[in-house]
Amino acid sequence: MLDVRGSLPGQVNTGTISPYRRIDRSNDTIGTSDLAADEQVLLGPFNHLDARPGKEIRSQLIDAFDSWLQVPTASLAVIKNVVRMLHNASLLIDDIQDNSELRRGAPAAHHAFGTAQTINSANYVYFRALRELSTLHNPVMVQIYTAELLNLHHGQGMDLFWRETGTCPTESRYLEMVGNKTGGLFRLAIRCMCVEGSPKQSSADYIRLATMIGILFQILDDFRNLTDGSYTSSKGFCEDLTEGKFSFPIVHAIRSNPGDSFLHDILRQHTDDPAVKKEAVSYLERCGSLIYTQGVIHQLAGDVLTLADEVDAGQGRAQALKDIVQRLMVKL
C-alpha cells in the first residue's frame, strides 16, 4: 500500500502502490481495470431514470432563450447536458424523500436499486455535472452552479420541513420556496447562457423571466397532480396527497378555512386510498381552490408572455418561448 509516513503536506513518500489500483496524477482520477463496470454500477439508478425521458421542457426552454442569447453550439451542448444531469439526479433524491412508487411510468429508482445506491448515484452525478461545466473554463460557472444548487436545496429543505411538521406555509412563502426549488435549474441554465452568449438586455431580465417560468411550471404541476388523469400512469393518482405535500391548491384551501382540519388530517395519513383522495379533491373544488389555482396560473402565464415581449424588445425572437407557454396551458 501507499506509504505516507513522514511526508509533508502536498508530498507523498515513495512506497509500494497496490498493483490493483494506481493513482493517475495527470487527471486526478483513480484508474482500475474494470472502470467501465464500476461506472455501470455507479450510474445504474441514474440511467434507469435517464432512459425514460420526461417532457424535456428545460431543453426546449434553453433553445427558446438561445434565440436571444446566441450561445456557441459547443457551450450550449454542455449547459443542456449539465441541466439534464442535475434534473434527473435531483428527481432520484426527490423520489426517496417523497417515498414515490413511480416515476415516468416505471418503478422509482430506489425501489429497483435500493435507497443507499440511489443516493450515491445522484450525488455522483451532481459532481459529474460540475466537472462537465468546468470544461467551459470559466470560474463564474462554478459560482453559478454553487449558488443555484444551494437555492435548490434551500427550497427543497423548506418543502420537506413543512410536510414533516404539518406546517402549512403562507402563499407568499410557498412561492418563495418554489422560486428556489423549481426555479433553480431554470436559472442555472439561463445564467450560464448569459455568461457564454451575447445578451442584448440585462442578464437580470432573462433571469427574472426564468424564475417566473419555474414558478408557473410548478403550480401547473401542482394543479395537474390533483386533476389530470394522465399523471396517474406516470406518477400515481393524486400522489401529492399521499406524500402529504402542501401544494399550491392545498395551501389555498387550508389558509381559506383555518378552523377546518380536514385536509391536514388527510395529509397526515399519507393515504393510498383512492376514495379518500377523491374526497380531498372534492373538498378543494368546494373551497374554490382549484378555480383559484387556475386563475393564478393564467395570470402567471400572462405575466411571462408580457415579460418575454419586454425582453425581446422588438427583436422578433420571443415566439419559441410563447409557444412553450401555450403548450403548457393546453387542457387547463
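A Cβ is built for glycine as well, from the same backbone N, Cα and C atoms used for every other residue.
As annotated by Swiss-Prot, isopentenyl diphosphate binding site applies to LYS55, ARG58, HIS87, ARG104, with the evidence given as similarity to another entry. Taking all protein chains in view, 11 other C-beta atoms sit within 10 angstroms of the C-beta of LYS55 (isopentenyl diphosphate binding site).
According to DSSP, ASN225 (dimethylallyl diphosphate binding site) sits within a helical segment. According to Swiss-Prot, the dimethylallyl diphosphate binding site annotation covers ARG103, LYS181, THR182, GLN218, ASN225, LYS235, LYS245, on the basis of similarity to another entry.
The annotation site 'Important for determining product chain length' is assigned in Swiss-Prot to TYR126 on the grounds of similarity to another entry. Under the three-state DSSP scheme, TYR126 (site 'Important for determining product chain length') falls in the helix class.
The Mg(2+) 3 binding site feature in Swiss-Prot is assigned to ASP221. Counting only same-chain residues at least 6 apart in sequence, none has a Cβ under 8 Å from the Cβ of ASP221 (Mg(2+) 3 binding site).
Distance from the CA of LYS235 (dimethylallyl diphosphate binding site) to the CA of ARG104 (isopentenyl diphosphate binding site) is 6 Å. Here isopentenyl diphosphate is bound by LYS55, ARG58, HIS87, ARG104 per the record. The longest Cα to Cα distance in that group is 16 Å. There are 18 other CB atoms within 10 A of the CB of LYS245 (dimethylallyl diphosphate binding site), with all protein chains counted. When Cα-Cα distances from TYR126 (site 'Important for determining product chain length') are compared across the binding-site residues HIS87, LYS181, LYS245, the shortest belongs to HIS87. Here the C-alpha separation of LYS245 (dimethylallyl diphosphate binding site) and ARG58 (isopentenyl diphosphate binding site) works out to 24 Å.
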